[in-house]
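To keep things clear, I will list the structure first and then write my remarks on it.
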Amino acid sequence: MRFSPAYVLPAFRALVLASPIAHPESETHTLFVRQDIQTPINASLPNVTIFATGGTIASQGTTNTQTIGYQVGLGVQQLVDAVPEILNISNIAGYQISNVDSGSVNQTISLKLAHQINEELAKDEISGVVVTHGTDTLEETAFFLELAVNSSKPVVVVGAMRPATALSADGPLNLLQAVTLAASENAKDRGTLISLNDRIGSAFYTTKNNANSLDTFFSTEAGQLGFFINQVPYFYYAPAAPLGVTHFNLTNATSLAQVDILYAHQDMDPALFNASYAAGADGIVVAGVGAGGMSSVASEAAESLFNATGIPMVSSHRSADGFVPSSEEGFTIGGGFYNPQKARVLLQMALTLGYDYDEIKELFAQSYPMP
Ligand SMILES: *[C@@H]1O[C@H](CO)[C@@H](O)[C@H](O)[C@H]1NC(C)=O
Ligand SMILES: *[C@@H]1O[C@H](CO)[C@@H](O)[C@H](O)[C@H]1NC(C)=O
Ligand SMILES: *[C@@H]1O[C@H](CO)[C@@H](O)[C@H](O)[C@H]1NC(C)=O
Ligand SMILES: *[C@@H]1O[C@H](CO)[C@@H](O)[C@H](O)[C@H]1NC(C)=O
Ligand SMILES: *[C@@H]1O[C@H](CO)[C@@H](O)[C@H](O)[C@H]1NC(C)=O
Ligand SMILES: *[C@@H]1O[C@H](CO)[C@@H](O)[C@H](O)[C@H]1NC(C)=O
Ligand SMILES: *[C@@H]1O[C@H](CO)[C@@H](O)[C@H](O)[C@H]1NC(C)=O
Ligand SMILES: *[C@@H]1O[C@H](CO)[C@@H](O)[C@H](O)[C@H]1NC(C)=O
Ligand SMILES: *[C@@H]1O[C@H](CO)[C@@H](O)[C@H](O)[C@H]1NC(C)=O
């Protein structure tokens, strides 16, 4: 299903794909009715709700030295049971949203999370929420929540690099710090936070830098927001939202637009653009070389697809950091500071809510207002 039918030329689709691949039917959205855990209430403590999705933090290996190839499977109750210190700082309610590695987190899970977190934070007695998540795509879910959750209360996304069974497992302390943060007045009005390994970062900028190392979440240019000293969160700055953050109301959304990321490189196959569109993409993000570039052959293929269909294409950068501007005459939209996976989330949301090309261009431009 296309989300903005206005720019689709059905004849073109027939041209590029003889037998169209149907998009999977969107699932009916079911809100939670069941709370999976609830610890005893101490009325003088804040209340934090944990949404568990799986990941390494919920994984077990067969030995205490195994740090890859382990199995996801611990439930939210077991995560909390492993850190009794949590119950001295907060009353905990918990929901098991899914129990998968984060490579398998999908729109069903992220939409469920956004809907449920908005509901939870609307309750006066709730101070904040924690989402436990695999680290591989953690920044995508965190950025999604940054845009889809509308609350001044903290949303803290946390994971671990070592399974619960490992020597020096990092999950328990990360979870304690995340709950501390979610219950902290000082963490309010800072958007969605990513907290691991003593560091507190903004979901807007933080990205996973290393596939294996414990100290992997960084925001190189924009910097961190704070740090834990003796399990107390210290912040470097007064509370502020990232410049240009937009909130999207997805209350009525049951599925999200399809956005593909194409990775530019030497000899990039120009056929990928038409193939992506033919497979149902509503938008395309290019992880470009340098500041959003690609070969002249690939660029021409992208432009001919754009000319024929108007499908929005956002240029990002395959380099870890950097900025891609929009040009006046170009057909691609500059992705600003967003890395490809975050540009994809933003484009996906805009398309889901029916933004047209000009509105999407404006949305990306607004993210980085000119001085
Ligand atoms: C409830 O929490 C307060 C504040 O931390 C603490 O002083 C008190 O001992 C707790 N009560 C119980 C019954 O644990
Ligand atoms: C936590 O929830 C309990 C039970 O609803 C409530 O009595 C208490 O006031 C809440 N704590 C805070 C800090 O709001
Ligand atoms: C919780 O706090 C009480 C009172 O300070 C202390 O005796 C107990 O050891 C603490 N429990 C944990 C698990 O830290
Ligand atoms: C997302 O993953 C969940 C859990 O594995 C699954 O139930 C659901 O069908 C998936 N949704 C989509 C759109 O693939
Ligand atoms: C979304 O809009 C609805 C009204 O349609 C409102 O009730 C709800 O609070 C809004 N949600 C968010 C997250 O702003
Ligand atoms: C977010 O909430 C504020 C009030 O708290 C409201 O004015 C605004 O419209 C909401 N934004 C969205 C996108 O629903
Ligand atoms: C959601 O749908 C309802 C019913 O059609 C409508 O009244 C409401 O404005 C919609 N909310 C948003 C945020 O689109
Ligand atoms: C993409 O499809 C359009 C429309 O059918 C066609 O004109 C163009 O040559 C195709 N480009 C490539 C690189 O196959
Ligand atoms: C796309 O359209 C523009 C404006 O009409 C034209 O200048 C350009 O040559 C076209 N590009 C391709 C690859 O067809």
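Glycine is treated like the rest: Cβ placed from N, Cα and C.
Note that TrEMBL annotation is computational and uncurated.
Residue environment of Thr56 (active site, O-isoaspartyl threonine intermediate) contains 27 other Cβ atoms, counted within 10 Å of its Cβ in all protein chains. The active site, O-isoaspartyl threonine intermediate annotation in TrEMBL covers Thr56.
Per TrEMBL, active site is recorded for Thr56 (among others).
TrEMBL lists Thr135 (among others) with the feature active site. Secondary structure from DSSP puts Thr135 (active site) in coil.
Remark: Thr135 (active site) has Gly55, Thr56, Ser102, Gly159, Ala160, Met161, Leu196, Lys208, Thr216, Phe217 as non-local neighbours, by Cβ distance under 8 Å and separation of at least 6 in sequence. What TrEMBL lists as substrate binding site is Ser102, Thr135, Asp136.
Sequence annotations record features per position, and here TrEMBL assigns domain 'L-asparaginase N-terminal' to 47-235.
The domain 'Asparaginase/glutaminase C-terminal' feature in TrEMBL is assigned to 258-364.
Among the features that TrEMBL reports, signal peptide is placed at 1-18.
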Packing count at Asp136 (substrate binding site) (other Cβ atoms within 10 Å of its Cβ): 17
CB-centroid shell, 8 A cutoff, substrate site Ser102, Thr135, Asp136, site residues removed: Gly55, Thr56, Asp101, Gly103, His133, Gly134, Thr137, Leu138, Gly159, Lys208
Site extent for substrate (largest Cα pair distance over Ser102, Thr135, Asp136, Å): 7
Model confidence over the domain 'Asparaginase/glutaminase C-terminal' (258-364) (mean pLDDT, whole number): 96
Number of other Cβ atoms within 10 Å of the Cβ of Ser102 (substrate binding site) across all protein chains: 23
